[in-house]
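Going by Swiss-Prot, these are the annotated features:
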- 1-19: signal peptide (SIGNAL)
- 20-713: topological domain 'Extracellular' (TOPO_DOM)
- 23-132: domain 'Cadherin 1' (DOMAIN)
- 136-236: domain 'Cadherin 2' (DOMAIN)
- ASN186: N-linked glycosylation site (CARBOHYD)
- 237-344: domain 'Cadherin 3' (DOMAIN)
- ASN257: N-linked glycosylation site (CARBOHYD)
- 346-466: domain 'Cadherin 4' (DOMAIN)
- 462-566: domain 'Cadherin 5' (DOMAIN)
- 567-695: domain 'Cadherin 6' (DOMAIN)
- ASN624: N-linked glycosylation site (CARBOHYD)
- 714-734: transmembrane segment (TRANSMEM)
- 735-885: topological domain 'Cytoplasmic' (TOPO_DOM)
- 808-885: region 'Disordered' (REGION)
Amino acid sequence: MQEAIILLALLGAMSGGEALHLILLPATGNVAENSPPGTSVHKFSVKLSASLSPVIPGFPQIVNSNPLTEAFRVNWLSGTYFEVVTTGMEQLDFETGPNIFDLQIYVKDEVGVTDLQVLTVQVTDVNEPPQFQGNLAEGLHLYIVERANPGFIYQVEAFDPEDTSRNIPLSYFLISPPKSFRMSANGTLFSTTELDFEAGHRSFHLIVEVRDSGGLKASTELQVNIVNLNDEVPRFTSPTRVYTVLEELSPGTIVANITAEDPDDEGFPSHLLYSITTVSKYFMINQLTGTIQVAQRIDRDAGELRQNPTISLEVLVKDRPYGGQENRIQITFIVEDVNDNPATCQKFTFSIMVPERTAKGTLLLDLNKFCFDDDSEAPNNRFNFTMPSGVGSGSRFLQDPAGSGKIVLIGDLDYENPSNLAAGNKYTVIIQVQDVAPPYYKNNVYVYILTSPENEFPLIFDRPSYVFDVSERRPARTRVGQVRATDKDLPQSSLLYSISTGGASLQYPNVFWINPKTGELQLVTKVDCETTPIYILRIQATNNEDTSSVTVTVNILEENDEKPICTPNSYFLALPVDLKVGTNIQNFKLTCTDLDSSPRSFRYSIGPGNVNNHFTFSPNAGSNVTRLLLTSRFDYAGGFDKIWDYKLLVYVTDDNLMSDRKKAEALVETGTVTLSIKVIPHPTTIITTTPRPRVTYQVLRKNVYSPSAWYVPFVITLGSILLLGLLVYLVVLLAKAIHRHCPCKTGKNKEPLTKKGETKTAERDVVVETIQMNTIFDGEAIDPVTGETYEFNSKTGARKWKDPLTQMPKWKESSHQGAAPRRVTAGEGMGSLRSANWEEDELSGKAWAEDAGLGSRNEGGKLGNPKNRNPAFMNRAYPKPHPGK
């Protein structure tokens, strides 16, 4: 345990010894305000880490500061000693700026060990001398009218950064003060005596000194001028009345000096006051000296000065600011033009598209239309153009005449020329436009000339026509061939291929498809040589400028792709079991055709179903017509044969080697025929009346659906749907009619009207019921079956025919036992009564009695009174005598 503690202590000591340290940091340093650059603020050193790796150059450095400043940097002294100094990039002002700066100093050695410490810099206040503000710092002219009462003249004010901020007053003094002036401690200038101009007191030069609490001082000059009072008009002494000035003179430039003198103050013209009475924005005059200066920029080339370069001024001179004597004079300034505007152009970059077949000598660009010089007078407003320059432009373009700015084509711009292609058919012409007068201002004009290609060469195919062969067995998307068109014009534009005419069949509008980009011709569907052996296409190639077409002939190569087709394709045959061998069964003949094979190329064979090989075809090869023969007898008695119904699948192949072909081709097609053969056994019962056995031939006809007759099932289906809809509609109408005319529900009152009787021929009993009917019929309707009109009772539902028919004939009653009455159920209506069949009594001569009990039934099912029977019902339901009775 003790060893572990010692080991941890050693590791801690080693890790601490490996650290990189900034010595004498963190710390606080002081620097005086307004210190010059390079002033030392604080010195420190770097203790290297245990690896003794040196500090990376550029470190230590100040990585951050609060507040942010660039007023300090770290300088290397020697070895591992450094110091923080001022940079002079920012003014350190105790009164106006921050007083304390926290600088983060970062150091890093070559192995990556780092340290970061903070240096706090305090800006210390320094006593600064006081300062005069404004014009007072440069000296000031003061004017006092002669004979003015002694007293206040001027209040002098100065500023001291330290004392002013602490409200400590400054002390003002006059150095070597004359006896006529005195200054108070607060800076007030007083005159002590009345000043007389004529006595020689014309001006006084005073030096004012100000001192702060620290004894620092500053001084300025005061020129006190005594203004003379006089009654003489000042006289101008300057002889010049017209002045010439150049444009673009700097403001403040003296362009004229107007002088005058006052007889009252002879020899002291500076006491006069000058002014310009004319409104002018270009000139100003010193009111004391009479010097005229430029007030603002004078541009000879703009505004009214471009047309009239003269400026007239009226100068006023007077001997006192207010009142007194004055005089006026007219002076004129003529503004002369200087070459201050370079030749310029509306634009300095031109892009010209020139067709490649442009003739030599063609004017491409006239720069005179775009370039100008704003100077107003010659030669300042004149300019010319230098020789054109630019890679590859010297042999193609020229300025003609020289210096005219007219660029003329002198070379060849053929787009397909190799040298022009190497240049990219793009040319840069650089021309300088410059003044002809000093200082020869110039500007570069860049002219980019691009050659536009023209359609010089036609679009042609690499062959005048194309012939392609394709097998008729090839599937869709098979490549037939490829056409290619070229255009020698550059740049190459994309070509689009299309089939303009041809390539159609009876079933397909387009048998071929061409790739619009590559010109590859492909099949859209399989082709048939027997239908169309040759296709002639017109293929068109188009680019942006031209169109060309070529004829393409596609030969369809014939191959054995058609199956033999035989008639009939299926058939039903019947033969007696004892048919003679070699007999043509039912004279059956098979006729076959093949569109791509000769009649001698057929070979016939019977596949599954020919059990015991009873059947064969003759001939079995070399002919398109063959017959079905019986090759061996049937043996059902011996058990050799057991099948009576044969299903033969006949194969018809077009590879007969006995035909005119020397060998079988690679492609062989096989057709099939289905035969159904029924063997008729010997009859089990011998009919003596039949002199000889007969064979009944049964012909089986089978309807086979053909896709071309699609309309037949469609019409049948549509007609069935319409008929079914019509029947449903009629049933709905009938149901509505029954519901409308049968609103009542009546009870049943069934009574048998006759006794049951039996006869020899009677098979069933018929009970005739009658319905009691209301004699009041208040409605009429038409019977939907017969179309006749009947009357009905709206309450009971009873009905009767409106127009009675002929009454039933009355039969003499012979017996009531022969009547076999038929029961009319309650659900039957008029139609049931009308359609009832009555059986006649077997006894001859007897007939139904007049009141045989035939009645009618209303809709409620009640039996009616026989007295109210409708004669029409009786007429329709009388018994019929049996034939032969």
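The chain as shown is numbered from 1 upward.
Cβ atoms are placed via backbone N, Cα and C, with glycine included.
Location within the structure of each feature annotated in Swiss-Prot.
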| residue | record | DSSP class |
| --- | --- | --- |
| ASN186 | N-linked glycosylation site | coil |
| ASN257 | N-linked glycosylation site | strand |
| ASN624 | N-linked glycosylation site | coil |
In the chain carrying ASN186 (N-linked glycosylation site), residues 6 or more apart in sequence that have Cβ under 8 angstroms from it: PRO169, TYR172
Helix, strand and coil totals (DSSP H, G, I; E, B; other) for the domain 'Cadherin 6' (567-695): 6 helix, 53 strand, 70 coil
Residue among the glycosylation sites ASN257, ASN624 whose Cβ has the most other Cβ atoms within 10 Å: ASN624
Beyond the flanks of the transmembrane segment (714-734) by 6 or more, those residues with Cβ under 8 Å of it: 784
Euclidean distance between Cα atoms of ASN257 (N-linked glycosylation site) and ASN624 (N-linked glycosylation site), Å: 138
Helix, strand and coil counts within the domain 'Cadherin 3' (237-344) (DSSP): 10 helix, 43 strand, 55 coil
